[in-house]
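K.L.:
Straight out of Swiss-Prot:
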- T17, R21, T265, G308, G409, N413: ADP binding site (BINDING)
- T17, T18, S19, T265, G308, Q312, G409: ATP binding site (BINDING)
- T17, R87, E88, Y139, D243: sn-glycerol 3-phosphate binding site (BINDING)
- R87, E88, Y139, D243, Q244: glycerol binding site (BINDING)
Amino acid sequence: MTDIQNKNYIIALDQGTTSSRAIIFDRDANVVCTAQREFTQHYPQAGWVEHDPMEIFATQSAVMVEALAQAGLHHDQVAAIGITNQRETTVVWDKVTGRPIYNAIVWQCRRSTEICQQLKRDGHEQYINDTTGLVTDPYFSGTKLKWILDNVEGSRERARNGELLFGTIDSWLIWKFTGGKTHVTDYTNASRTMLFNIHTLEWDAKMLEILDVPREMLPEVKSSSEIYGRTKSGIAIGGIAGDQQAALFGQMCVEAGQAKNTYGTGCFLLMNTGDKAVKSNHGMLTTIACGPRGEVAYALEGAVFNGGSTVQWLRDELKIIADATDTEYFAGKVKDSNGVYLVPAFTGLGAPYWDPYARGALFGLTRGVRVDHIIRAALESIAYQTRDVLDAMQQDSGERLKALRVDGGAVANNFLMQFQADILGTQVERPQMRETTALGAAYLAGLACGFWRSLDELRGKAVIEREFEPQLDEGAKEKLYAGWQKAVSRTRDWEPHEGAE
């Protein structure tokens, strides 16, 4: 093997839901170059979402070549590749031709809803939760895979004969990059399939039987940081993690009680629970994360449905702001929300309420309420919902939140970050490096090949750009939060449905 000292770069491949990206990092974990290409979204029916796996591979290969060319680098200068990916998205391909037998079924796709309903009717819901840490929902790969095997003629038989392979996007990319030599996944991606026992760390025989999935088609499961194989040009592939777990690692949340929140359209919260697979009483997912060396650790995961989308609503539907960045200015013009609470339950409420029948509402309106107050209430709602999830995680895990690391587009909003710290009563840490997902994949690959020697070396590179300290006293904080809880309670069970009074 060429001396690692002569190779001064790591490439992170960030395969997302709408685009494929390549980010080149140097030894100081600085971004040298980025390349990105979008690809086609296919919507064959209402609620169905597909991608073409060949287009995903083509765009991901192209951006890697593009990034190297832009940076003026040769592949010999790259120590390793780390891969992070949209999770749960499901691909089945022919082992000989390397061609998919059907489009990739994307994590957002709801076509396997009826399969999930049948699993519930058959009494499997508790077993699924106990074994896989997941809820019975079309979100996860298992029912998507069953749908393909049920609907593509002869596919189940071919899979039993060892002719077909299954993988999440990481597996598919590695298979293609290694020229069909390597069929692997990592523990974080396996834990999102609904086929994997997160306690024994093996594919679960009963789940395979329930969903009628042939064992022969499944990838080998490995840690998130080791050398899995090499590309045709000889670059080692050394790190794999699902996107949210990669962000958790990129934020250096590797010890129990450390948590990160990604503020996007919704919010993704993950809290590391160390070597304990904590069972949630609040509908959180129990999932696998990356330990200090990329080994198995556990995490609780919760999602807020409407984060940045609440601000988009102010802009696109209400038209009271021209740009999302304006919200910080308007929110700062008033000293508080004047008693206004906005509960953005546009599509129901997620964790910890899980009420699909809740609907959005604006409370506390008086003649003294101005547009500024409503804009401020919209930003505050993102912070309140984050506290809802983090409070539940702390109750489930018994871990006290040390500090909240943040990433995603909305973290540039200083008002939101300060209010988040205030309402949590906990320090919020905003990193200088915003590419935390790609950085996590780069770290995992770098540790695997000796590019970086230890976690301590990486910690030294994690620069916090700004710390937001809580400034509200306990009484004021809890009074505000009690108002939020009251507002949420009034939105519950709004939409008429069977079983409602």
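In case you wondered, yes, glycine gets a Cβ from its N, Cα and C as well.
Looking at the shown structure, what environment does each listed feature sit in?
P.N.:
A sphere of 10 angstroms centred on the C-beta of N413 (ADP binding site) encloses 21 other C-beta atoms.
Long-range Cβ contacts of Q312 (ATP binding site) within its own chain (separation 6+, distance under 8 Å): T265, A324.
Around the Cβ of E88 (sn-glycerol 3-phosphate binding site), a 10 Å sphere holds 25 further Cβ atoms from the protein chains shown.
Taking Cβ-Cβ distances under 8 Å and a sequence separation of 6 or more, the neighbours of D243 (sn-glycerol 3-phosphate binding site) in its chain are D14, G16, T84, N85, Q86, R87, T437. D243 (sn-glycerol 3-phosphate binding site) falls within a helix when secondary structure is assigned with DSSP.
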K.L.:
Looking at sn-glycerol 3-phosphate and its recorded binding residues T17, R87, E88, Y139, D243, figure out the farthest C-alpha pair and report it in angstrom, whole number.
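P.N.:
Binding-site diameter by Cα atoms for sn-glycerol 3-phosphate: 15 Å.
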K.L.:
What is the total of other Cβ atoms whose distance to the Cβ of R87 (sn-glycerol 3-phosphate binding site) is within 10 Å?
P.N.:
25
K.L.:
Including all protein chains shown, what's the count of other C-beta atoms within 10 A of the C-beta of T18 (ATP binding site)?
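P.N.:
The answer is 11 other Cβ atoms.
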K.L.:
If you take the centroid of the Cβ atoms of T17, R87, E88, Y139, D243, the listed sn-glycerol 3-phosphate site, which other residues of that chain have their Cβ within 8 Å of it?
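P.N.:
After dropping the recorded site residues, what remains is N85, Q86, T89, V106, W107, R192, G242.
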K.L.:
Identify all same-chain residues not among R87, E88, Y139, D243, Q244 whose C-beta atom falls within 8 angstroms of the centroid of the glycerol site's C-beta atoms; report them in sequence order.
P.N.:
Q86, W107, R192, G242
